[in-house]
Amino acid sequence: MADPILEVISLTKCFGAIAASDGLTFSVKRGTIHGLIGPNGAGKSTAIAQLSGELQSDTGRVRFDGQDVTRWAVDKRARSGLQRSYQITSLLPEFTAEDNVAMAIQSQQGHSFRFWENARKDNSLRTPSRKILERVGLSDFADNPAMDLAHGQQRQLELAMVLATAPSMLLLDEPMAGMGQSESLRMMELLRPLKGDVTMLLVEHDMDVVFALADMITVLVKGQVLLTGTPDEIKNHPEVRRAYLGDY
Amino acid sequence: MFLSKIIGSDASFRTKIVTLLGLLILFAVPLLANLFNEPFLVDIASRILIYALVAVSLDLILGYGGMVSFGHGAFLGLGAYVVGILTHHSYEGTAVAFLPGDWQGTTQAFVQWPLAMILSGLLALIIGALSLRTSGVYFIMITLAFAQMLYFFMISIPTYGGEDGLNIWERSEIPLLDLYDAKSFYFICLVLLLLCLWCCSRIVKSRFGMVLRGCRQNEVRMKALGYPVYRYKLMAFVLSGMIAGLAGALLANHTEFVGPGLMHWTRSGEIMIMVILGGMGSLIGPVLGSATLLMMEEVLAGLTEHWMIFLGPMLVLIVLFARKGLYGLLIGKGTDNG
């Protein structure tokens, strides 16, 4: 299980004269949680968007699960098992929580050019949806429109949707953003048991979370990889400390 | 709303009441016309049904799919022209232009109407394939531009009347039925509309419909889930175009005339007003919208030729205070997930 599931090779993205990603190179081992940290503006979200396919890269390559996915569109990457969550909650707001999860499951069951049977009465969608809602602790809110949920619940719902697609790799863009302490803990408890089955690239501001969960950590500064190492190596590295304290 | 106080607060119950009432009225129209000795009423009602059909087709992509197509007149017009052109050649005994061979058209509805649907669907496939690559304002403008192109194209073909349009000397023929009989024609329109509503109500609840509605709410998320949204939207666009084409075929029979005016952008605008007035994202809404707009036109146009002066403020009020249109006023909350 030591082969890399994701290989990023000198990935670059420029917005005008600013290189948001500047020759990123790192790889993520299968089944691990890989942290991606860096100060504000380091290019973490840009990197995630490039990996998910939402941003086209200027140069460089992305290999996922043995295939070159550099030119693949978002939906094709998603179907191959590379899923992402968003820093700012992104749901189907008018649908109920259960609908949201059901849509994620439906996306895995082949094409949706099925025009006649009522999707809301389809047990192959609804039964697993309810199971997953139960797993993330949202059973009581299954019939509430997603937009009526509290912020923390919306974050949990988003995770539920991503899990429902049974991904082989998750790109998690600040999954704990805006959460209270207890909600953060709950999210950690949800993520931890996935380790081994699902590879995760975790972008997170809360260093405690990253150090607690991650096997390896890559530090980004100004669009470049400063270094990649184990949490202990990162914690004690003088350059990382400098980058975070900002005394350049 | 005081109406909602009378019939209770349960949205699904009220939906049923409104639907039943609507059906009752629709089936009673010919009787009422007899009763008041106003045969003209059936004529207006047929027109309402036909426009309801186009409005429903637009709502399928606008209200459920979030695609603001400003060129729906193109599909309506093409459907009408198919009937007009085939009848024209059948009547004159000449060959259909631009086609190899010497097919002299037909007046059989079973050939004309499906052909109108297929050709409008093909047109929708072409227009949709190109315009769905854009979104937002660009999408509106491109669909508008395509419809205007078609409008000027029809104007420039003298064979089919050019600017003056084509008179239709014979209505379509259906065995055992007489389309010249106002009531028969009315019931054909009614059956087709109800059939369309039934199919659409299945479609919007199906897997396909859920994907379509998901795209309206958050297209980025749908892509991230792995849906190739372009294909689904294009499919919906084609379906919508086909229904509009059928409505066009009916309209040609109704007015016994077809002209490029059907494709003009003001016509597309009227169809959109019907959808917004009646309520986007519901299937009964567009029917209400069509009925309201055409009846207003009928009544107010008798008073003043500037009847749109009344329409404007009403539309503003609806948009400001009743985002779900007239249907939303009747049903209240909870209309989204029907």
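Any Cβ shown, glycine's included, is placed from N, Cα and C.
A quick note: this is a predicted structure, and the numbers were derived from the prediction, not measured.
Within its own chain, the transmembrane segment (B:17-36) has Cβ neighbours under 8 Å at 7, 42, 45, 49, 183, 186-187, 190, 284, 287-288, 327, 330-331, counting only residues six or more beyond its boundaries. Look at TrEMBL and you will find B:17-36 (among others) tagged as transmembrane segment.
Annotation comment: TrEMBL describes B:48-67 (among others) as transmembrane segment.
The transmembrane segment annotation in TrEMBL covers B:74-91 (among others). Here the transmembrane segment (B:74-91) has Cβ contacts under 8 Å with residues 54, 57, 103-107, 111-113, 115-117, 119-120, 123-124, 127, 146-147, 150-151, 154, 160, 165-166, 168-170, 172, 240-242, 244-249, 251-253, 257-258, 260, 262-263, 267-268, 271 of the same chain, all six or more residues outside its ends.
A Cβ distance under 8 Å defines the sequence-distant neighbours of the transmembrane segment (B:111-130), meaning residues of its chain 6+ beyond its ends; these are 71, 74-75, 78-80, 82-83, 86-87, 142-143, 146, 150, 172, 233-234, 237-246, 248-250. The transmembrane segment annotation in TrEMBL covers B:111-130 (among others).
Listed as Cβ neighbours of the transmembrane segment (B:137-157) (distance under 8 Å, sequence separation of 6 or more from its ends, same chain) are residues 67-74, 77-78, 81, 123, 127, 130-131, 163, 260, 263-265, 268. Look at TrEMBL and you will find B:137-157 (among others) tagged as transmembrane segment.
Same-chain residues lying 6 or more positions outside the transmembrane segment (B:185-204) and placing a CB less than 8 Å from one of its CB atoms are 26-27, 29-30, 42, 45-46, 49-50, 52-53, 56-57, 60, 64, 171, 174, 177, 179, 212-213, 239, 243, 246, 250, 253-254, 283-284, 287. Look at TrEMBL and you will find B:185-204 (among others) tagged as transmembrane segment.
Residues or ranges marked as transmembrane segment in TrEMBL: B:232-251 (among others).
According to TrEMBL, the feature transmembrane segment maps to B:271-295 (among others).
Same-chain neighbours of the transmembrane segment (B:307-330): 1, 3-4, 14, 18, 273, 275-282, 284-285, 288-289, 292-293, 296-297, 300-301, counting only residues six or more beyond its ends whose CB sits under 8 Å from a CB of the stretch. The transmembrane segment annotation in TrEMBL covers B:307-330 (among others).
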